[in-house]
Amino acid sequence: MEVTPNHTQTVSGWAAMDESGKIVPFVFKRRENGVDDVTIKVKYCGMCHTDLHFIHNDWGITMYPVVPGHEITGVVTKVGTNVAGFKVGDRVGVGCIAASCLDCEHCRRSEENYCDKVALTYNGIFWDGSITYGGYSGMLVAHKRFVVRIPDTLPLDAAAPLLCAGITVYSPMKQHGMLQADAAGRRLGVVGLGGLGHVAVKFGKAFGLHVTVISTSPAKEREARENLKADNFVVSTDQKQMQAMTRSLDYIIDTVAATHSLGPILELLKVNGKLVLVGAPEKPVELPSFPLIFGKRTVSGSMTGGMKETQEMMDICGEHNITCDIEIVSTDRINDALARLARNDVRYRFVINVGGDSKL
């Protein structure tokens, strides 16, 4: 494993310097391109709720200054001598992972996201001991293992959030058999219609599932049905609507990050139904045992995805023309966008125009 300790490249970016979370211009150093590395000119970077948690140190682990961003797309400007899969000019992306041990059981199965030594794209510790900086910056140096190709059919701006939101829902949908050919016609419930939820709806429809959106907001029904082509919409606070859906769904993807009870949601599953949690509430969710026991139901969780799955997902998105619905923001409006993101005032993902052209 080649390590490149010489951080000599000066890079301009945007960072939070303290728990106020205010993003300011920040000049820092990145490592030189190593033999296994790919240097990328950043074009676009999506804004994730995780960025909010890190800039405000909500989890008590932020290492300031922190340069956020793990939904990164751009163009290759340099490749190392050991890099065979990429060349200068390629359209590429980098998601949540900067490094892993490459040798454990998880890495050997391309489940790098579950490696004990995983290093995140930002606020992580890289192999050489340096702190990782994310995609709110003009360029990035990434190990070849953690770079994916972006199909020519996908715009770089709308593809960026797929590297987090997309893979976060794709991975469990694949692992639990929702995207297999024989799953067509089965019934999927998507709890929450935000950055993750709207992509889950798109995957479900692309693979022939009957999709029901489950939301606390009646105002989202038109959006779900008309724009995302959901087959059904249920207001989770309406007891009559929820009771009418009892034992009707084969699968449920719960994308909600707010604390909520899983009991009413579990009742919507058929016997042997599967509920997958991908949202991360700050407080524990309520999980009653009776709906599990009497319905032989399964609850599981999932955290992003490995690199093989991420490339597979991106290729499928290229084939089915699946992208995220986004709002482009300029670098001088990052703080405004973060404030709106904190209020969930976005449909459905902000993407920073770092150095790109939305027509790419």
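Glycine too: its Cβ is placed from the backbone N, Cα and C atoms.
Values in this document were obtained by computation on a predicted structure and should not be read as measured data.
Cys164 (Zn(2+) 1 binding site) has a Cβ environment of 29 other Cβ atoms inside 10 Å. The Zn(2+) 1 binding site annotation in Swiss-Prot covers Cys48, His70, Glu71, Cys164 and rests on similarity to another entry.
Thr216 (NADP(+) binding site) falls within neither a helix nor a strand when secondary structure is assigned with DSSP, and so counts as coil. Here Swiss-Prot flags Thr50, Thr168, 192-197, 215-220, Thr255, Gly279, 302-304 as NADP(+) binding site.
Under the heading Zn(2+) 2 binding site, Swiss-Prot lists Cys101, Cys104, Cys107, Cys115, citing similarity to another entry as support. Other Cβ atoms within 10 Å of the Cβ of Cys107 (Zn(2+) 2 binding site), summed over all protein chains shown, number 21. Under the three-state DSSP scheme, Cys107 (Zn(2+) 2 binding site) falls in the helix class.
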Other residues with Cβ within 8 Å of the Cβ centroid of Cys48, His70, Glu71, Cys164 at the Zn(2+) 1 site?
Gly46, Met47, Thr50, Asp51, Gly69, Ile72, Gly95, Cys96, Ala160, Pro161, Leu163, Ala165
Test of understanding: give the count of other CB atoms lying within 10 angstroms of the CB of Thr216 (NADP(+) binding site).
15
Residues within 8 Å of the Cys101, Cys104, Cys107, Cys115 Cβ centre (excluding the Zn(2+) 2 site residues themselves)
Ser100, Leu102, Asp103, Glu105, His106, Arg108, Glu112, Asp116, Lys117, Val118
Lowest local Cβ density (other Cβ within 10 Å) among binding-site residues: Thr50, Thr304:
Thr50
Here the 10 Å Cβ neighbour count for Leu196 (NADP(+) binding site) comes out at 29
Looking at the binding-site residues His70, Cys107, Cys115, Cys164, whose Cα is closest in space to that of Leu196 (NADP(+) binding site)?
Cys164
Most isolated by CB count within 10 A, of the binding-site residues Cys48, Cys104, Cys115, Leu193, Ala219, is Ala219
